[in-house]
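Undergrad: Below is the structure I would like to discuss, written out as structure tokens.
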2 protein chains.
Amino acid sequence: MPDPPGEGAAERPAPGRRGRRWLLAAALTGTVPLVAIVAAAVAAGSLASGGGQGPVETGGFLQLGATGHFFLAAAAVLAAARAGGALAQRVGQPRVVGEICAGLALGPSLLGRLAPGVMDWLFPSAVLAPIDGLAQFGLVLFMFGVGRELAGMRLRGATGRALLVSQASMAVPFALGALAAVPLAAAFAGPNGSGAAFVLFMGCALSITAFPVLARMLTDLRLLRTEVGGLSLFAAAVGDGASWLVLAAVLAAAAGSAPMVVMVNGVATVLVVALFLGPVKRLLGRWAQRAGGGASESLVLAVGVAAAAALTAALGVHQLIGAMLVGLAWPGTAPGADTGPVGRFIRVADQLTATARNVLLPFFFFGFGLTADLGALDWTGPALPAFLVLLALAVAGKVVGPGVCAWLLGMAPRSALILGALLNARGLTELIVIQIGYDAGIIDAPMAAVLTLVALCTTMMTGPLLRLLRAAPEEEPRAPDRRPAEASR
Amino acid sequence: MPDPPGEGAAERPAPGRRGRRWLLAAALTGTVPLVAIVAAAVAAGSLASGGGQGPVETGGFLQLGATGHFFLAAAAVLAAARAGGALAQRVGQPRVVGEICAGLALGPSLLGRLAPGVMDWLFPSAVLAPIDGLAQFGLVLFMFGVGRELAGMRLRGATGRALLVSQASMAVPFALGALAAVPLAAAFAGPNGSGAAFVLFMGCALSITAFPVLARMLTDLRLLRTEVGGLSLFAAAVGDGASWLVLAAVLAAAAGSAPMVVMVNGVATVLVVALFLGPVKRLLGRWAQRAGGGASESLVLAVGVAAAAALTAALGVHQLIGAMLVGLAWPGTAPGADTGPVGRFIRVADQLTATARNVLLPFFFFGFGLTADLGALDWTGPALPAFLVLLALAVAGKVVGPGVCAWLLGMAPRSALILGALLNARGLTELIVIQIGYDAGIIDAPMAAVLTLVALCTTMMTGPLLRLLRAAPEEEPRAPDRRPAEASR
């Protein structure tokens with residue numbers, strides 16, 4: 001770009017002086033400064049050696065400061081997530097399964113068992129707090145994304161059948177989880193997990209679906225535009241919305257406060273939810289239409305998410321609920337759409353959610369792995385029966401509940417089974433619920449580990465189960481009339 | 001999407017049973033589970049009240065947990081940055097100036113002076129470490145972006161005049177800073193700032209240019225495609241590249257280690273730099289061409305940045321130098337270009353850099369504000385003369401040095417002045433250099449505050465200075481022959 005041919009010659013025509021000017025410029029701006037710098041350094045060096053103010057640190061080879069060690073730990077967490085994700089993809093599993101396993105492996109479950117010295121050296125307690133900051137920030141941005149996806153599903157496909165299947169996909173596993181929790185409460189309840197709170201939390205834990213994993217699986221299997229795909233997404237969205245509401249109520253009740261505090265917090269929470277879904281959503285929408293922002297939408301998003309998280313945390317509901325509310329209220333909730341001034345809001349939200357999902361969530365998986373010590377589970381005690389019962393009920397509740405419901409309402413048996421298998425993937429969202437329950441003191445660490453195993457097993461069985469169901473004869477009965485419609489999109 | 005008209009009827013034709021099936025489905029999946037859930041909750045509640053395991057926390061109203069408080073602090077930091085940025089924009093300054101001032105205002109410089117109780121309540125020591133994690137992560141991603149921009153400039157416009165102006169824009173202010181540092185060393189050197197290290201660091205501090213601020217200003221003022229714009233970008237890139245190299249050398253020397261360690265670290269640093277600019281860049285480029293990745297490029301980027309940061313930190317060079325090296329080696333370094341498989345690498349890098357710039361850097365400004373206590377400067381002591389001298393030399397070095405050089409080489413006087421004014425903006429990059437020098441113990445806290453003021457003043461004067469220079473008569477002498485070329489782009 002600089003110095004196009006002939007430029008400048010018109011202003012200074014004298015041709016003979018040109019060489020001298022170049023020399024002068026080079027000397028003035030190169031040689032003279034260099035001499036000055038060397039002179040200054042030498043002068044200061046001799047002054048300092050006179051003053052005797054010597055170096056303080058006595059660094060040896062490869063001495064990492066606190067920040068350097070933080071980056072070493074961060075690199076280990078991210079590299080493990082990358083390796084785990086690639087490995088999972090190679091064996092036909094969603095990447096997130098591998099990333100979760102990598103996070104667990106770096107904690108006491110594996111690395112701490114095999115080489116506790118390495119774990120202590122790699123992750124000294126000083127690096128855990130900054131890593132937690134990245135994990136928490138990534139989590140709220142991720143939950144913001146979940147809220148957006150839920151909001152985007154709100155009105156589409158709300159037929160009677162879809163609503164009934166949604167209800168089944170939530171209520172049946174919820175009931176099974178709650179029933180199973182009654183005998184488990186004595187052994188696995190956390191300090192705040194008194195009676196009803198533990199039972200309702202376990203219901204939530206079994207009824208949640210991994211919305212993002214589900215959506216990616218549907219895309220991978222080319223099921224997104226089929227009846228089963230649409231129905232499962234709708235059921236997951238409505239069912240998860242209901243489960244999060246129940247979870248919020250459970251958390252408010254379990255906060256261990258006086259009844260008066262619980263009541264006031266509960267009313268305040270309802271008001272906050274109404275505020276976000278009503279006035280805040282309208283205001284944001286109007287602001288997006290005016291589109292004054294200019295590169296500050298992402299900052300507004302981050303402020304909103306952090307403030308809402310702090311607000312709901314103060315009300316005794318978990319901070320992630322607040323982040324989800326901002327996602328529900330964010331303008332242009334349908335991800336991918338890109339029309340007019342609202343497009344900027346959509347792009348910024350997509351960008352931040354993608355960053356959180358790809359780069360920050362591994363830090364959450366690592367932190368989660370520090371909590372859920374799978375190796376510390378006492379398999380001779382109640383952990384083994386609890387795991388087996390919960391796994392069986394989790395699968396039964398998701399596959400049988402909505403499956404039977406869809407079959408009763410006229411769906412082919414195989415499609416009904418595929419629907420159930422899809423809803424059975426709990427993945428990452430389940431981990432978030434577990435972390436919330438553990439943070440709130442509703443479940444103890446062994447139950448967190450047991451539920452983690454349930455989450456991993458149900459997520460990992462989804463792929464093979466679907467391949468099995470789809471490999472059987474009479475595949476895709478609606479294929480002939482679906483293909484042209486798909487091609488035209 | 002679900003339930004297209006007429007679907008399913010073919011599989012289950014019996015029309016009379018349909019109503020009963022719906023009722024059955026509703027009962028099985030709604031009523032029965034609900035009854036079970038209530039029963040389980042009641043049973044568990046009575047069991048628990050018998051067991052006597054009551055709540056542990058005695059929460060009152062609006063009790064924030066540790067994580068809730070972290071989000072409150074994060075919301076305050078981000079909201080202040082948003083407000084400061086908007087305010088700066090309104091008065092015709094770059095947003096980053098307002099964001100930096102907001103970060104300083106939340107620290108001891110303003111909030112801690114006006115309302116120390118509020119500052120202590122809002123930012124207890126427990127939230128500082130997680131916020132530091134976000135700041136550090138944002139900084140390395142930002143420096144990765146700086147590296148990419150430097151790499152993108154490498155070959156463009158390398159005429160003799162451009163190179164000479166680049167040298168002038170670096171060497172002249174460097175020499176002035178080094179000379180000024182000789183008398184200042186006694187008062188302002190940090191514990192490791194022995195003689196030459198302090199002098200050379202001060203040279204770096206005055207010679208740095210805020211590359212990103214410069215690029216945005218050129219765009220805002222429609223100067224990006226002019227000769228002055230291209231020349232200033234090139235000079236900033238080459239000059240900053242040289243300044244960073246010198247800074248790396250100063251850090252390695254100042255680490256306060258034995259001469260043997262310094263030498264080995266220095267050789268290792270040169271090897272690492274050569275490794276990144278040679279084999280690593282080639283390998284990444286080849287991998288980008290194959291484009292196997294699939295949604296994991298951002299994870300690879302983050303792993304690379306964190307690992308390189310840890311590596312250079314271990315060598316006694318600052319972690320940010322490593323992050324910049326990854327940016328120099330990243331494939332498809334020209335931001336914005338989007339061709340073939342490399343396009344994914346460019347998009348991912350743009351995305352992460354934008355997130356860091358917009359959402360994470362405010363946490364750095366806040367952390368920086370905790371270090372640089374402007375209010376604690378003793379204006380009766382050596383701080384005031386130091387500030388005035390450094391400010392004068394910073395402006396003189398950047399405006400006079402490259403300006404005179406460009407004028408000697410045939411540029412119109414006004415254009416030469418505009419060039420100098422553009423290079424004078426130090427902004428955010430200067431803050432990073434100050435933080436590095438303070439972390440390494442080369443400068444003390446008062447000098448960090450003084451240099452912060454110099455950085456703010458030089459950045460804030462750029463806009464008005466340019467408006468003044470451009471408002472004078474005979475504006476844009478090359479305008480007639482430039483417009484058509486610009487319109488055709």
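Every residue, even glycine, has its Cβ placed from backbone N, Cα and C.
Nobody curates TrEMBL annotations by hand; they come from automatic prediction.
In case it's useful when we look at the structure, here is the feature table from TrEMBL:
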{"type": "TRANSMEM", "residues": "A:22-48", "note": "transmembrane segment"}
{"type": "TRANSMEM", "residues": "A:60-84", "note": "transmembrane segment"}
{"type": "DOMAIN", "residues": "A:83-466", "note": "domain 'Cation/H+ exchanger transmembrane'"}
{"type": "TRANSMEM", "residues": "A:96-115", "note": "transmembrane segment"}
{"type": "TRANSMEM", "residues": "A:121-147", "note": "transmembrane segment"}
{"type": "TRANSMEM", "residues": "A:168-189", "note": "transmembrane segment"}
{"type": "TRANSMEM", "residues": "A:195-219", "note": "transmembrane segment"}
{"type": "TRANSMEM", "residues": "A:231-254", "note": "transmembrane segment"}
{"type": "TRANSMEM", "residues": "A:260-278", "note": "transmembrane segment"}
{"type": "TRANSMEM", "residues": "A:299-321", "note": "transmembrane segment"}
{"type": "TRANSMEM", "residues": "A:386-409", "note": "transmembrane segment"}
{"type": "TRANSMEM", "residues": "A:416-436", "note": "transmembrane segment"}
{"type": "TRANSMEM", "residues": "A:448-469", "note": "transmembrane segment"}
Undergrad: Using Cβ atoms and a strict cutoff of less than 8 Å, what residues sit near the transmembrane segment (A:195-219) while being 6 or more residues removed from its termini?
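TA: Non-local partners: 94, 96, 145-146, 149-150, 169-171, 173-178, 180-182, 184-185, 188-189, 229, 232-233, 235-237, 239-240, 243, 246-247, 249-250, 253-254, 357, 390, 393-394, 397-398, 422-430, 433-434, 437, 442-443, 451, 454, 459, 462-463, 466.
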Undergrad: Going along the chain, which residues at least six beyond the ends of the transmembrane segment (A:231-254) come within the CB cut-off of under 8 Å?
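TA: Hits for the transmembrane segment (A:231-254): 146, 149-150, 153-154, 156-158, 161-163, 165-170, 174, 192-194, 196-197, 200-201, 203-204, 207-209, 211, 214-215, 218, 224, 262, 265-266, 269, 312, 315-318, 321, 324, 402, 406, 419, 422-423, 429, 433, 436, 440-442.
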Undergrad: Quickly jot the same-chain residues contacting the transmembrane segment (A:260-278) by Cβ under 8 Å, restricted to those at least six beyond its ends, or write none.
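TA: Answer is 248-249, 252-253, 308, 311-312, 315-317, 322, 325-326, 328-329.
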Undergrad: In the same chain, which residue numbers or ranges, 6 or more beyond the ends of the transmembrane segment (A:299-321), come under 8 angstroms Cβ to Cβ?
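TA: Same-chain residues near the transmembrane segment (A:299-321) but 6 or more away: 136, 139-141, 143-144, 244, 247-248, 251-252, 255, 257, 261-262, 265, 268-269, 272, 276, 293, 330, 348-349, 352, 432, 436, 439-440.
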Undergrad: Of the stretches A:60-84, A:121-147, A:168-189, A:416-436, which racks up the most C-beta pairs under 8 Å with the transmembrane segment (A:96-115)?
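TA: Going through each listed stretch, the top one turns out to be A:60-84.
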Undergrad: Can you tell me which of A:60-84, A:168-189, A:416-436 gets the most C-beta pairs within less than 8 Å of the transmembrane segment (A:121-147)?
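TA: It is A:60-84, which has the most Cβ pairs under 8 Å.
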